[in-house]
Amino acid sequence: MKPIYLEMNYFGPHENSVVDFRLLDESPIFLISGDTGAGKSTIFDAMTYALFGTTTGDRDAKEMRSQFATADDRTSVTFYFKQGNLLYRIERSPEQKLSKKRGSGSTLQKSTAKLAIVDRVKGIEKNNIAINPKNVGEEITRLLHLNAEQFKKIILLPQNDFSRFLKSSTPDKEAILKRIFGTYIFTSFSNEIKAKNSEMNAVYLEYDRKQQNLYESSIWNPIELKELEDAAEQEKLDLVTSLWKDRVARKNEIEGQTFEQEEKVISIEIAYKSALELENQFKNLNNLENDYQQNIIEKSAIFEENSEYLKKLKWAFPLKESIHELEQDIKQSKSVKNNIAGIISEKAKDEILLKKLTNEKEDLNKQQENINENKKVAEKIFIQIQLSLQVEKKQSKVEELKLEQADNLTLLESFKANLGQAAENISTLQDDVISDDYFINKREERNQLELTFRGKLIPTFQKVKHSKDDIVGLELKLKENTIALSENKDNLEKAKFAYNEKLKGRRRLMIAQLQSELQEGEACPVCGALEHPFTETIEESSYKELGNLLKEIDESQKKQTVLLEKNKQLQQLKTELKTSLDLKKIEADEFEKELSILYSEFIADYSQIFPDSFDEVSIDESLLNLTKSLELEEVKNDETKVKLADLESKKLELQEKVKDFEYSNQEFNRQIENLNAEITEIGITETSYNLIRKRNRLMEKADLFEKHLSELMAQLSDIKIKISSQTASLNSFESQEATLLERISANKEKIKEKFSEQEAFTTEFQILKEWAYDDDLIQISQKVEQYKADKARLKVEIKNIQQLIQNKKRPNLALIEEEKKQTNENYVFLQKKLVSAENEVEQAKSILSELKKVIKQQDKDASKKSAITKLYNAISGRASEDKLRLETYVVQNYLEKILDYANLHFINQLSNNRYRFELAGEGNNRRMDHGLDINIYDNETGAARSADTLSGGETFIAALSIALALSEVVQNTANGVQIEALFIDEGFGSLDQETLQKAMQALEQIGENRLVGVISHVEEMKATIGQRIIINKMGDGRSNIKSVIK
């Protein structure tokens, strides 16, 4: 991977910054320098974020959004890099709050990412690879064969993190080196063998589990479970076979007992059925005898009474119809007589009316000729009425046409006047219409103003604003610095005073300590006196107090040193702030002059529209008003065009209407002339009204005559029909009366004959009628017959049962039922026992079969498991004493090449032949994850030691050597990742002059075929490296980037 071009927008301190790595190809190494906090490491953060969505430090990607970014400013990073022969472009933006595209307020925009192959920087996209963060991350890992952490360990060495690869654990190193050197085939093979070993172990565990489950199955009773538990593993199969055979023997024994009990059940069932049948016969005999007593003997009197009454009913029943007919005929005969009398009376009245109507008809016949003559006159008048109506209709039409003609002439004059007005209006509007070229020119002028305003004035105004904001910020910082400097001076004076006081106390305590050590007769080491008069006043606590005071003096001295250093820094910062403030004021003045000149040119021709001095809001509003004014003028012009088109359309319509109305006037004259000629030709002068009145009078007389005649004829016809009907009805009633009298006489004779019979039960008509009409005849007859049948049946059934149970004793059914119940229960118990025994046999048989199957399969897989286990132990390091895995062994080979290259080209040179790398012999506590631990062999001590024991400068030298060697070895490896860039963030300040010079030589050596970038504040490196990227602070948290090529 080789960086080509990096663009940062509102990312950290970079508002719109670009790093073009193509400009840095002339020299093996380039330097990134700038003020502290200016954003040097942010360049590395941007590359890491673009590729992996993370930064080099602990900051989240969202926190990299510039603090000065507004809701309209979108944070994004665009990074171009080469991989092989292809140029890739990756664009990424973090989650951020941005202004809504529509309406007010903001919206949370999710993180985005896009990866594509392009033809050149800022060029055409050739292939779109991924368009979301997840897919982009997967594609980058596939392309580089590195994740973010591994990228930072071998390509990007962040600040204060050089020793991460050097001191990382074997698993971490192994993951990185496997990706770099493409040794995943060994990982895949190891994983496959591991999976097969795990699979085979799982299979064997399943075999053991299945066998154990079978031995501990719930089918075994506690005694059998105990036997299986105590038995040796190799004896358990034989024991299960023996237990199965025991169960078979128990089952056969229970089967024999069940068969014997089944025969007993059959025998007792036969005996029970016989006893039950005999008991039923005794019960039936008792029931039949009870029925005979209740239904035959006790009901015999009722039977005799019913028999006697039945004879009377049967005697009277044949006369039932005759009695009914006799009564109906007598009643009907009376009604017929009344009808005959009524018809005779009504017929006499109708005959008188018929004679009267006949005389009236003869009078009407004499008036008929006069009426017919009037009808003929009326017909002639009807023809005259039709002609008169035609004349009146034509006269009315003439009047209507004259009125319509008058209206038509009025409208014609009105349309002619409107036509003249329309022509006048059209002429006026044609003068008011503005050409389209006028508006095109006006819009171009307005757009040019907008372009000048947005493209020149606002950017210049923003420069003025930012400069003034920077001046305010610098003045505030200068003020804060002055306050802090004053406070620091006060603190320094206080610290000096306290320090001097503590020194006095120390002298006092040291004198006291010296006094305490003096011995009588020995000379004082200070004055040489042999007498020591004040030693008895020394306190024992002085020693402890002196120790504490010495600590306080040391702390006070450190504090004083810190304050002095801070005072120096504040003084330096004050000078820098004053210088920056002066420069900013000059810059602001220049920007204001530039803005003034540009604005004067801007309003030269538009002073009446825009304000005298630059005001962004007012200018924006003026431009908007100018746009609205132009739009309003254009709308009015469009409305005028529409009105003109409408008027021209109306003029054409009016011209057509004038023609139509002139033609209509001519047509009216022609129609009126035609109608007057037709009226003269008809020649009728009397009105239709008078003619209709004459005809109506004649027709009314004729209608009244015909109506009277018609009504008279109808009355004659009705009365004749009525008299005829009355004659027929009278004949019918007379015949009916004769028939009824004849039938009444016959029925009376029948009843009289019945009463005269010798066996007659009565001679009273009413009693006979009651018996004949009694509806209980059938019911009483059925009761009598049922009684006879029941009596005969019961006698036969009682006799039959008595014959069956003759000489037999009634059985004790309860005793037999109890015996039957006990026999059945014993049989059911034995059946259940047999089923249980059969189940136990089948279960034991199933267990035995399954055991044999599992053991057979286990024996079959034994050789396969042994081979896989041996292979797995070999590749996982379990078979060797060093416990080195196959994957680690392969990667260790590459690491040895890296260490050998580092020893030969870098570490010896940088450490003056003192150090060299070697692999650790074994891991701590013989752990499994070792094999890639790196030790440092010290030629001065003749012993190897851990990399953790190196100092800061030594650690940097060692880490740099490995990083450089790794880059070289990978470049020379066919399957390795192509590493065409190396970036180092700080660390050179810990090297002495000689080591620094050697490190520079090493960097230049590897920089011959790849890009090497260094961040450093070391002055020697600034002076030595010609190609530089300089990052300057601009105030307000902003920084800019400048490339320097020497």
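Any Cβ shown, glycine's included, is placed from N, Cα and C.
Of the candidate ranges 223-239, 512-528, 903-919, 971-987, Swiss-Prot annotates residues 223-239 with the feature coiled coil. Swiss-Prot lists coiled coil at one of the ranges 50-87, 468-505, namely 468-505. Within its own chain, Ala38 (ATP binding site) has Pro13, Ile1031, Asn1032, Lys1033, Ser1039 as residues 6 or more apart in sequence whose C-beta sits under 8 angstroms from its own. Look at the binding-site residues Gly34, Gly37, Gly39 and count other Cβ atoms within 10 Å of each Cβ; Gly37 has the fewest. Mean pLDDT for the coiled coil (223-239) in this predicted model: 83. Local packing around the binding-site residues Thr36, Ser41 was summarised as the count of other Cβ atoms within 10 Å of each Cβ; on this measure the leading residue is Ser41.
Using a 10 Å radius centred on the Cβ of Asp35 (ATP binding site) and all shown protein chains, the other Cβ atoms total 14. For the ATP site, the Cβ centre of Gly34, Asp35, Thr36, Gly37, Ala38, Gly39, Lys40, Ser41 serves as reference, and the other residues of the chain with Cβ at most 8 Å from it are Pro13, Thr42, Ile1031, Lys1033, Ser1039. Listed in sequence order, Ile32, Ser33, Gly34, Asp985, Ile1015, Ile1031 are the same-chain residues six or more apart from Lys40 (ATP binding site) with CB atoms under 8 A from its CB. Lys40 (ATP binding site) falls within a helical segment according to DSSP.
Gly34 (ATP binding site) carries a strand DSSP state (E or B).
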